[in-house]
C-alpha cells in the first residue's frame with residue numbers, strides 16, 4: 001500500500017510539473033530568439049553609425065534624445081523595480097505589443113551588411129511564441145481574450161520620399177528605436193522566464 005501511494009505521488013508530481021517544463025522550454029526559445037534580434041538591432045545601428053561623420057552622429061543623437069519612439073505609446077514599466085513587480089502575464093503582453101509594432105516597420109530597416117531580411121520572419125516567429133506563452137499563463141476565463149496591446153500609431157510619413165537630411169534622421173531614429181525595443185523585450189522575457197524558477201535570483 002505504501003509503495004502504491006508513493007508511486008501515485010511521483011506520477012502526480014510529474015504530471016503537475018509538465019506544464020512548467022513546457023513553459024520553461026518555450027521561454028528559453030523566446031529568450032534565445034529575442035537575444036538574436038537584439039544583437040541584429042545593435043549591429044544594424046552600429047553599421048549605420050559607422051557610416052556617419054562624427055558631427056552627424058552627435059547631432060542625430062541629440063535630436064533622438066528629444067524625440068519619442070513610436071512604441072512609447074505602449075505602456076511599459078518605467079524602471080527595473082517596476083519591471084520586477086510586474087506579473088508574468090503583463091510582461092508577456094507588453095512584449096507581444098512591442099514585437100507586433102515592428103512587424104511592418106522592420107521591412108524598412110537598413111544599415112550596412114547586417115542581414116535585415118532575417119528580421120521580419122524572426123519577429124513573426126517570436127510573436128507566435130509569446131502568444132503561446134500568454135495562452136499558457138492566462139486564467140481559463142481569459143483564454144480567448146485578445147493579448148494585443150492598443151493599436152500603435154503608424155510612423156507618419158517615414159515611408160514617403162524624404163530629403164537627404166530628413167531621411168538620415170528618420171533612419172537613425174528607426175534603428176535606435178528598434179534596438180531600444182528589442183532590449184526591452186529581452187529584459188521582460190528574461191524576467192518572466194526567471195519567475196518560473198522560485199529559487200532563482202531575478203534581480204536586474
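Cβ from N, Cα, C; glycine included.
Taken from Swiss-Prot, the feature Zn(2+) binding site applies to 36, 186. Taken from Swiss-Prot, the feature disulfide bond covers 69-177, 194-202. Positions annotated as pyrrolidone carboxylic acid by Swiss-Prot, on the basis of similarity to another entry: 18. Annotated signal peptide per Swiss-Prot: 1-17, in sequence order, evidence recorded as similarity to another entry.
Cβ neighbour count for residue 202 (disulfide bond): 15 (other Cβ atoms within 10 Å of its Cβ, all protein chains included). Every protein chain shown contributes to the tally, and the Cβ of residue 177 (disulfide bond) ends up with 23 other Cβ atoms within 10 Å. Cα-Cα distance from residue 186 (Zn(2+) binding site) to residue 69 (disulfide bond): 17 Å (rounded to the nearest whole number). The Cβ of residue 69 (disulfide bond) has 173, 176, 177, 180, 181 as same-chain neighbours under 8 Å, each 6 or more residues away in sequence. Counting every protein chain shown, the number of other Cβ atoms lying within 10 Å of the Cβ of residue 186 (Zn(2+) binding site) is 21. Between residue 194 (disulfide bond) and residue 36 (Zn(2+) binding site), the C-alpha separation comes to 19 Å.
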